[in-house]
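Read the structure below first, then the notes.
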Amino acid sequence: MNLLSIIWAEVRKSHRHNFNNHLVYFSLFVWPAILFINAYYAFKPFNLQAGSPLARFVPFDKLGLFLITGYLAYIFFWSLVQSAWQMAYERQQGTLELLLLTPVPRIWLMFGRAAANLIEAVWLFSAFSLLIILFMGGVHVAEWWLVPVAIVLLVLSAVIWGGFLNIIFLFSRDAGVLYTLFEAPMEFFSGVRMPVLAFPIWAKSIAFLFPLTYVLTILRGVVMEGKTFRDLSGSLILLLGVLTVLVIASLFLVRVAERHAKETGNLTLF
(Lines of atoms letter the chains of each structure in order from A and count residues from 1; the text may use other names and numbers.)
(Lines give C-alpha, C1' and ligand atoms only; values in the text may rest on other atoms or scores of the structure.)
Protein backbone atom coordinates (compact mmCIF):
# COMPACT_ATOMS: atom_id res chain seq x y z
CA MET A 1 0.00 0.00 0.00
CA ASN A 2 1.52 3.34 -1.07
CA LEU A 3 1.29 6.71 0.63
CA LEU A 4 -1.53 8.00 -1.60
CA SER A 5 -3.67 4.94 -0.77
CA ILE A 6 -3.09 5.54 2.94
CA ILE A 7 -4.02 9.22 2.61
CA TRP A 8 -7.19 8.36 0.68
CA ALA A 9 -8.20 5.76 3.27
CA GLU A 10 -7.64 8.29 6.06
CA VAL A 11 -9.62 10.92 4.12
CA ARG A 12 -12.61 8.59 3.94
CA LYS A 13 -12.29 7.67 7.60
CA SER A 14 -11.90 11.30 8.69
CA HIS A 15 -14.88 12.40 6.59
CA ARG A 16 -17.16 9.74 8.05
CA HIS A 17 -16.14 10.36 11.66
CA ASN A 18 -15.39 14.08 11.81
CA PHE A 19 -17.05 15.84 8.88
CA ASN A 20 -20.38 14.07 8.51
CA ASN A 21 -22.44 17.09 9.59
CA HIS A 22 -22.89 20.45 7.86
CA LEU A 23 -22.58 22.17 11.24
CA VAL A 24 -18.97 20.98 11.41
CA TYR A 25 -18.11 22.96 8.27
CA PHE A 26 -20.06 25.92 9.64
CA SER A 27 -17.98 25.88 12.83
CA LEU A 28 -14.75 25.51 10.84
CA PHE A 29 -15.65 28.75 9.07
CA VAL A 30 -17.20 30.77 11.89
CA TRP A 31 -14.69 30.00 14.65
CA PRO A 32 -11.54 31.16 12.78
CA ALA A 33 -13.44 34.15 11.40
CA ILE A 34 -14.40 35.19 14.94
CA LEU A 35 -10.76 34.80 16.04
CA PHE A 36 -9.64 37.07 13.20
CA ILE A 37 -12.29 39.72 13.90
CA ASN A 38 -11.54 39.61 17.62
CA ALA A 39 -7.81 40.05 17.00
CA TYR A 40 -8.38 42.87 14.50
CA TYR A 41 -10.63 44.94 16.73
CA ALA A 42 -8.50 44.24 19.81
CA PHE A 43 -5.93 46.62 18.30
CA LYS A 44 -8.44 49.41 17.63
CA PRO A 45 -8.30 51.09 21.09
CA PHE A 46 -4.53 51.60 20.74
CA ASN A 47 -2.49 54.12 18.82
CA LEU A 48 -1.50 52.40 15.59
CA GLN A 49 -0.41 55.43 13.59
CA ALA A 50 3.14 56.14 12.49
CA GLY A 51 5.41 56.48 15.49
CA SER A 52 3.53 53.99 17.65
CA PRO A 53 5.48 51.00 19.04
CA LEU A 54 3.53 48.50 16.90
CA ALA A 55 3.98 50.55 13.71
CA ARG A 56 7.71 49.82 13.93
CA PHE A 57 6.90 46.21 13.03
CA VAL A 58 3.49 46.29 11.28
CA PRO A 59 2.22 49.32 9.31
CA PHE A 60 -1.33 50.26 10.25
CA ASP A 61 -2.59 49.92 6.68
CA LYS A 62 -1.37 46.31 6.59
CA LEU A 63 -2.61 45.21 10.01
CA GLY A 64 -5.56 43.30 8.55
CA LEU A 65 -3.32 41.53 6.05
CA PHE A 66 -0.86 40.71 8.83
CA LEU A 67 -3.60 39.12 10.95
CA ILE A 68 -5.39 37.21 8.18
CA THR A 69 -2.14 35.63 6.95
CA GLY A 70 -1.32 34.76 10.55
CA TYR A 71 -4.62 33.04 11.20
CA LEU A 72 -4.63 31.33 7.81
CA ALA A 73 -1.32 29.64 8.61
CA TYR A 74 -2.35 29.03 12.22
CA ILE A 75 -5.52 27.15 11.18
CA PHE A 76 -3.38 24.74 9.14
CA PHE A 77 -1.28 23.90 12.19
CA TRP A 78 -4.13 24.09 14.71
CA SER A 79 -6.26 21.60 12.77
CA LEU A 80 -3.46 19.04 13.00
CA VAL A 81 -3.02 19.62 16.73
CA GLN A 82 -6.74 18.80 16.96
CA SER A 83 -6.20 15.71 14.81
CA ALA A 84 -3.41 14.48 17.07
CA TRP A 85 -5.53 15.19 20.14
CA GLN A 86 -8.13 12.77 18.77
CA MET A 87 -5.60 10.01 19.36
CA ALA A 88 -7.04 9.98 22.90
CA TYR A 89 -10.43 9.02 21.44
CA GLU A 90 -8.74 6.22 19.50
CA ARG A 91 -7.74 4.77 22.87
CA GLN A 92 -11.21 5.25 24.37
CA GLN A 93 -12.97 3.69 21.38
CA GLY A 94 -10.57 0.77 21.14
CA THR A 95 -9.38 1.64 17.64
CA LEU A 96 -5.79 2.59 18.47
CA GLU A 97 -4.91 -1.10 18.19
CA LEU A 98 -5.91 -0.95 14.53
CA LEU A 99 -3.33 1.77 13.90
CA LEU A 100 -0.59 -0.36 15.43
CA LEU A 101 -1.71 -3.61 13.80
CA THR A 102 -2.38 -2.22 10.30
CA PRO A 103 0.11 -3.81 7.85
CA VAL A 104 1.53 -0.49 6.59
CA PRO A 105 4.57 1.50 7.71
CA ARG A 106 3.53 3.39 10.82
CA ILE A 107 5.39 6.53 9.78
CA TRP A 108 3.37 6.68 6.55
CA LEU A 109 0.18 6.16 8.49
CA MET A 110 0.95 9.03 10.87
CA PHE A 111 1.80 11.50 8.11
CA GLY A 112 -1.07 10.22 5.96
CA ARG A 113 -3.45 10.79 8.84
CA ALA A 114 -2.18 14.36 9.20
CA ALA A 115 -2.53 15.11 5.48
CA ALA A 116 -6.02 13.61 5.35
CA ASN A 117 -7.34 15.72 8.21
CA LEU A 118 -5.77 18.86 6.78
CA ILE A 119 -7.69 18.65 3.49
CA GLU A 120 -11.19 19.10 4.89
CA ALA A 121 -10.30 21.20 7.92
CA VAL A 122 -8.85 24.25 6.17
CA TRP A 123 -10.40 24.68 2.73
CA LEU A 124 -13.37 26.77 3.88
CA PHE A 125 -11.36 29.25 5.93
CA SER A 126 -8.74 29.37 3.17
CA ALA A 127 -11.41 30.54 0.73
CA PHE A 128 -12.60 33.12 3.29
CA SER A 129 -9.02 34.34 3.79
CA LEU A 130 -8.49 34.72 0.05
CA LEU A 131 -11.61 36.87 -0.23
CA ILE A 132 -10.52 39.01 2.74
CA ILE A 133 -7.06 39.50 1.23
CA LEU A 134 -8.55 40.55 -2.12
CA PHE A 135 -10.98 42.90 -0.35
CA MET A 136 -8.35 44.53 1.89
CA GLY A 137 -5.68 44.90 -0.73
CA GLY A 138 -2.16 45.90 0.26
CA VAL A 139 -0.58 42.82 -1.28
CA HIS A 140 2.97 43.51 -2.41
CA VAL A 141 4.58 40.61 -4.25
CA ALA A 142 7.95 40.93 -5.96
CA GLU A 143 8.17 37.40 -7.40
CA TRP A 144 4.77 35.80 -8.00
CA TRP A 145 6.19 32.31 -8.37
CA LEU A 146 7.03 32.47 -4.66
CA VAL A 147 3.32 32.52 -3.75
CA PRO A 148 2.67 28.84 -4.65
CA VAL A 149 6.05 27.96 -3.13
CA ALA A 150 4.99 29.58 0.16
CA ILE A 151 1.67 27.70 0.06
CA VAL A 152 3.43 24.39 -0.57
CA LEU A 153 5.80 25.10 2.33
CA LEU A 154 2.79 25.88 4.54
CA VAL A 155 1.08 22.60 3.67
CA LEU A 156 4.27 20.54 3.92
CA SER A 157 5.24 22.09 7.26
CA ALA A 158 1.77 21.54 8.70
CA VAL A 159 1.72 17.88 7.61
CA ILE A 160 5.17 17.18 9.09
CA TRP A 161 4.18 18.96 12.32
CA GLY A 162 0.91 17.00 12.44
CA GLY A 163 2.63 13.68 11.81
CA PHE A 164 5.15 14.43 14.56
CA LEU A 165 2.35 15.24 17.02
CA ASN A 166 0.43 12.10 16.03
CA ILE A 167 3.45 10.02 16.96
CA ILE A 168 3.93 11.85 20.27
CA PHE A 169 0.28 11.31 21.15
CA LEU A 170 0.73 7.56 20.63
CA PHE A 171 2.53 7.52 23.98
CA SER A 172 -0.15 9.36 25.94
CA ARG A 173 -3.33 7.92 27.43
CA ASP A 174 -4.47 11.42 28.42
CA ALA A 175 -3.43 13.92 25.76
CA GLY A 176 -5.14 16.91 27.37
CA VAL A 177 -1.89 18.31 28.80
CA LEU A 178 -0.04 18.00 25.50
CA TYR A 179 -2.95 19.63 23.67
CA THR A 180 -2.78 22.60 26.05
CA LEU A 181 0.98 22.89 25.58
CA PHE A 182 0.86 22.86 21.80
CA GLU A 183 -2.23 24.96 21.02
CA ALA A 184 -2.26 28.32 22.83
CA PRO A 185 1.54 28.79 23.06
CA MET A 186 1.86 28.15 19.33
CA GLU A 187 -0.71 30.86 18.57
CA PHE A 188 0.96 33.39 20.85
CA PHE A 189 4.68 32.78 20.35
CA SER A 190 4.63 32.05 16.59
CA GLY A 191 3.60 35.60 15.75
CA VAL A 192 0.05 34.93 14.64
CA ARG A 193 -1.27 38.11 16.29
CA MET A 194 1.90 39.89 17.38
CA PRO A 195 5.14 40.21 15.38
CA VAL A 196 7.89 38.01 16.77
CA LEU A 197 10.37 40.89 16.50
CA ALA A 198 8.38 42.74 19.17
CA PHE A 199 8.95 39.93 21.70
CA PRO A 200 11.69 39.92 24.35
CA ILE A 201 14.59 37.55 23.81
CA TRP A 202 13.18 34.77 26.01
CA ALA A 203 9.91 34.77 24.03
CA LYS A 204 11.77 34.76 20.71
CA SER A 205 13.69 31.67 21.82
CA ILE A 206 10.37 29.89 22.33
CA ALA A 207 8.98 31.20 19.04
CA PHE A 208 11.81 29.68 17.02
CA LEU A 209 10.93 26.20 18.31
CA PHE A 210 7.70 26.24 16.26
CA PRO A 211 7.88 25.72 12.48
CA LEU A 212 4.86 28.03 12.17
CA THR A 213 7.15 30.96 13.06
CA TYR A 214 9.33 30.38 9.99
CA VAL A 215 6.33 29.70 7.74
CA LEU A 216 4.75 33.02 8.74
CA THR A 217 8.02 34.86 8.15
CA ILE A 218 8.18 33.45 4.62
CA LEU A 219 4.47 33.87 3.83
CA ARG A 220 4.31 37.46 5.05
CA GLY A 221 7.61 38.27 3.41
CA VAL A 222 6.19 37.11 0.07
CA VAL A 223 2.73 38.72 0.16
CA MET A 224 3.29 41.78 2.39
CA GLU A 225 6.89 42.91 2.09
CA GLY A 226 7.71 42.03 -1.51
CA LYS A 227 10.78 40.02 -0.56
CA THR A 228 12.66 37.99 -3.13
CA PHE A 229 13.90 34.42 -2.91
CA ARG A 230 17.34 35.68 -1.91
CA ASP A 231 15.84 37.78 0.89
CA LEU A 232 13.97 34.76 2.26
CA SER A 233 16.75 32.19 1.79
CA GLY A 234 17.83 32.43 5.44
CA SER A 235 14.32 31.75 6.78
CA LEU A 236 13.89 28.98 4.21
CA ILE A 237 17.08 27.24 5.33
CA LEU A 238 16.03 27.49 8.97
CA LEU A 239 12.57 26.09 8.17
CA LEU A 240 14.01 23.16 6.22
CA GLY A 241 16.39 22.50 9.11
CA VAL A 242 13.53 22.42 11.64
CA LEU A 243 11.45 20.15 9.38
CA THR A 244 14.41 17.80 8.93
CA VAL A 245 14.80 17.55 12.70
CA LEU A 246 11.06 16.82 13.06
CA VAL A 247 11.19 14.07 10.42
CA ILE A 248 14.23 12.44 12.05
CA ALA A 249 12.60 12.68 15.47
CA SER A 250 9.40 11.18 14.03
CA LEU A 251 11.27 8.21 12.56
CA PHE A 252 12.95 7.58 15.91
CA LEU A 253 9.83 8.01 18.04
CA VAL A 254 7.62 5.80 15.88
CA ARG A 255 10.07 2.93 16.33
CA VAL A 256 10.10 3.53 20.07
CA ALA A 257 6.29 3.57 20.09
CA GLU A 258 6.08 0.29 18.17
CA ARG A 259 8.60 -1.37 20.47
CA HIS A 260 6.76 -0.06 23.53
CA ALA A 261 3.44 -1.37 22.20
CA LYS A 262 4.92 -4.81 21.54
CA GLU A 263 6.37 -5.02 25.04
CA THR A 264 3.46 -3.63 27.07
CA GLY A 265 0.36 -4.04 24.92
CA ASN A 266 -2.05 -6.81 24.10
CA LEU A 267 -4.98 -7.29 21.72
CA THR A 268 -7.30 -5.14 23.85
CA LEU A 269 -5.05 -2.47 25.34
CA PHE A 270 -2.10 -0.44 24.07
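Here the Cβ of each residue, glycine as well, is placed from N, Cα and C on the backbone.
Residues or ranges marked as domain 'ABC transmembrane type-2' by TrEMBL: 23-257.
Taking Cβ pairs closer than 8 Å, the transmembrane segment (23-43) reaches residues 54, 63-64, 67-68, 71, 75, 121, 124-125, 128, 132, 193 in its own chain, all 6 or more past its ends. If you look up TrEMBL, you'll see 23-43 (among others) marked as transmembrane segment.
TrEMBL lists 63-81 (among others) with the feature transmembrane segment.
The transmembrane segment annotation in TrEMBL covers 118-139 (among others). Below 8 angstroms of C-beta separation, residues 11, 14-15, 18-19, 25, 28-29, 32-33, 36, 61-62, 64-65, 68-69, 71-72, 75-76, 79-80, 82-83, 155, 158-159, 162, 223-224 of the same chain, each at least six residues beyond the ends of the transmembrane segment (118-139), sit close to that stretch.
Annotation comment: TrEMBL describes 145-171 (among others) as transmembrane segment.
Per TrEMBL, the feature transmembrane segment maps to 192-216 (among others).
For 236-254 (among others), the entry in TrEMBL reads transmembrane segment.
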Long-range environment of the transmembrane segment (192-216) - Cβ separation under 8 angstroms, sequence gap at least 6: 39, 53-54, 56-58, 66-67, 69-71, 73-74, 77, 150, 153-154, 157, 160-161, 185-186, 235, 238-239, 242-243, 246
Distal contacts, the transmembrane segment (145-171) - CB-CB under 8 A, six or more residues away: 73, 76-77, 79-81, 83-85, 87-88, 96, 99, 107, 110-111, 113-115, 117-118, 178, 182, 211-212, 214-215, 218-219, 222-223, 228-229, 232, 236, 239, 243, 246-247, 249-250, 253-254, 257, 260-261
